[in-house]
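Data first, discussion second: the structure below is written as C-alpha cells.
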Amino acid sequence: MSKPIQMERGVKYRDADKMALIPVKTVMTERTEILRKPEWMKIKLPADSSRIQGIKSAMRKNGLHSVCEEASCPNLAECFNHGTATFMILGAICTRRCPFCDVAHGRPMAPDTNEPVKLAQTIKDMALRYVVITSVDRDDLRDGGAQHFADCISAIREKNPSIKIETLVPDFRGRMDRALEILTATPPDVFNHNLENVPRVYRQVRPGANYEWSLKLLEKFKEAHPDIPTKSGLMVGLGETNEEILDVMRDLRRHGVTMLTLGQYLQPSRHHLPVQRYVSPQEFDEMKEEALAMGFTHAACGPFVRSSYHADLQAKGEEVK
C-alpha cells in the first residue's frame, strides 16, 4: 500500500497532480472521445478589455481572489467587463478535490484575518450594489469557515449599507449546526449552496460530499430564515439524464428552495471529467418551464448559466440564460 502524499501547506495541486489524489478516478487516454463544442457554446470576447484588467488589478492589489479566475469560468470576460465579480474568500486552495472543478487542491494557509476589511473596501471602491461571496471548502477549520463568512458580511455592510449580499457556501461537512448557528446570526440576502449534479453520480463527481446533507443544509437555513431566498445550482453534461435533473429539482422544492440555476458543464482541462453531452438551449428552456411549474420563483437555465452569473438580475427575477 502506497504512503499518502505529504502536502506542503500553501502549495496548489492542479490538473494531473490534483486528479492523482482522487480515489474514484476517470482515466483519460488518447482514445477518450472529446465531444466537439456545438455552435451555441462559442463565446465572443469583448473588444475592450480595460475593465477586465482593472478588476484583476483591484483583486491583486488587495490580495483577493475571484472564483471567476480560480475556477476558469467561461463568463469571466463578460462579467468582468460589466464590472461584476464573485469574490472567493478563505484563500484559493480547497481541501476537496472534485474532478469537475479547476480550483486548486491542497493544505490551505490559515485564514487572512484582514480579508473582511480588504474585501469590504474593494467592494466600496468598485461601487458594487450586489455582490456574491463564495469560498473554497475548508474542512481544516472547526466551523468550516462560517465565522469568516459572517465577518465578511458584517464588514461589507458596514462600509456598504445599501448593498445586497449573496453567499454561495460549501456544505460545512460535519459542522452544519455550528456553521448555521453562526450564519443565522449574520444572514445574507440570498443563501446559495449548489447540489452540482444528481445523486447517482455523486461518488464520482463530488467525492467527499453527500446529497442528503446538502439538501438538509438548505432546508435548515430556510427554516431559520423563511423570508430569505435559498438557491441552488446544477451542471448538466456529466452523465445524468434530464429526468434525473427534474427529480433533483423536485427535491429542492421539497426542501424549500425557490431559486435555481442550470448550466452546461465544461471540462477545464483534459485531466478533468469529460463532457458526456451538450444540452441544447431548447432543452434548457424546457427545464426552465418545468422549474417554474414546480414553484421556483426564479430559474436561470442556459448553456452559460453559472450559480453567480448575473446574480443581481437573478435576484430581481429578470431572465438570465
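From the backbone N, Cα and C atoms, a Cβ is placed for every residue, glycine too.
Database features (Swiss-Prot):
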- Cys68, Cys73, Cys79, Ser308: [4Fe-4S] cluster 1 binding site (BINDING)
- Cys94, Cys98, Cys101: [4Fe-4S] cluster 2 binding site (BINDING)
- 80-297: domain 'Radical SAM core' (DOMAIN)
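Feature map: Swiss-Prot annotations on the structure.
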| residue | record | Cβ within 10 Å |
| --- | --- | --- |
| Cys94 | [4Fe-4S] cluster 2 binding site | 26 |
| Cys98 | [4Fe-4S] cluster 2 binding site | 21 |
| Cys101 | [4Fe-4S] cluster 2 binding site | 23 |
| Ser308 | [4Fe-4S] cluster 1 binding site | 28 |
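When the binding-site residues Cys94, Cys98, Cys101 are compared by Cα distance to Ser308 ([4Fe-4S] cluster 1 binding site), the shortest distance belongs to Cys101.
Those same-chain residues not listed among Cys94, Cys98, Cys101 yet with C-beta within 8 angstroms of the centroid of the [4Fe-4S] cluster 2 site C-beta atoms are Arg96, Arg97, Phe100, Asp102, Val103, His105, Val136, Asp137.
Mapped onto three states, the DSSP output places Cys94 ([4Fe-4S] cluster 2 binding site) in strand.
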